[in-house]
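For reference, the structure is listed below as structure tokens.
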Amino acid sequence: MNELKNDRLLRALLREPVDTTPVWIMRQAGRYLPEYRATRARAGSFMDLCQSPEMACEVTLQPLERFPLDAAILFSDILTIPDAMGLGLYFSEGEGPRFERPVQDAAAIRALGVPDPETELRYVTDAVRLIRRELDGRVPLIGFSGSPWTLATYMVEGGSSKEFARIKGMLYDDPSTLHHLLGVLAEAVTVYLNAQIAAGAQAVMVFDTWGGSLTPEGYREFSLAYMQRIVAGLTREHEGRRVPVTLFTKGGGAWLEVMAETGCDALGLDWTVNIGEARRRVGDRVALQGNLDPAVLYASAERVRAAARKVVEDFGPGSGHVFNLGHGIHPGIDPEKVAALVDEVHKAGMK
């Protein structure tokens, strides 16, 4: 594989010295970019786009052509695993992801198997290999998966949810069945991320989008424990380098200390936590990623720059900070604001 020309991201995730703060953006390949919208229209459907390695590669690289970002992130979806389990993923306008065959009883859950990434999810590993080849060592490639808890919420609810009525009912009434589902998903995520690493992903991230919906006790038992299991099972050295692992729980600011004990290398933060305070709480155990409010990008370029500077300054001196938004970039953002953001982070983060 090609030598990395810019390893800023990997160094920061491992709290090694860097020349400036690295930056990438959740959903950096997305609807705010006109070139993405053109490729998406050409693909036909969102899943057709995800399942074409060539198109997934094309959109993964699009933001790097515009902005001097310090990483590429695989273009895919967190729900590829349940789709490969046979649940029938589809996207409906205005409703987001839905499953034709949700799993809502013990029999359906116990019938689930762990997908083979090189057969059922071959389009993902093929995309990773193609992106690595096209990047030619320019920046590292990040692979990712949803967390077991987050995947389970979609699988049991049948799609997005505000109340989580079905899965919370299962959690309180039939926890053993839910634990079985989470155990299968933890194994599936571990196998899936290891396949991404083998194919060329140089860092990986676990997105726990719905962990913040749990109680403190519920979070430890039904989300964190399974992410810890994944971290323990991941390939941590590949191509002669350490493969950093980042955990991100949206709404998880209260639990940073226990998250830092999982063995991961970095924690993602949403915008409800001050990054300097988070750093004081976790000490030097992990790097931190984040955490600008994505809505700041609706403001003027000057305000975007000021807000970016504040996040960098709040983190303070030294390595261990990867700048990002606190969640995915909104579709209506002007790409020029992103250009201002990236430029300001690199200026403000000079070491």
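A Cβ is built for glycine as well, from the same backbone N, Cα and C atoms used for every other residue.
Residues or ranges marked as substrate binding site by Swiss-Prot: Arg27, Gln28, Ala29, Gly30, Arg31, Asp77, Tyr154, Thr209, His327. The secondary structure of Ala29 (substrate binding site), as reduced to three states from DSSP, is coil rather than helix or strand.
Annotated site 'Transition state stabilizer' per Swiss-Prot: Asp77, in sequence order. Less than 8 angstroms from the CB of Asp77 (site 'Transition state stabilizer') sit Phe46, Met47, Cys50, Leu89, Pro97, each of them six or more residues away in the same chain.
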Arg31 (substrate binding site), number of other Cβ atoms within 10 Å: 14
Close in space, distant in sequence - Ala29 (substrate binding site), Cβ under 8 Å, 6 or more apart: Tyr36, Val59, Thr60, Gln62, Pro63, Ile73, Phe75
Recorded substrate site residues Arg27, Gln28, Ala29, Gly30, Arg31, Asp77, Tyr154, Thr209, His327, farthest C-alpha pair in Å: 23
Same chain, 6+ residues apart, C-beta under 8 Å of the C-beta of Arg27 (substrate binding site), given in sequence order: Gly328, Ile329
Spatial neighbours of Tyr154 (substrate binding site) that are distant in sequence (at least 6 apart) but have CB under 8 A: Leu79, Pro82, Pro97, Phe99, Ser160
Cβ atoms near His327 (substrate binding site) (within 10 Å, other residues, all chains): 22
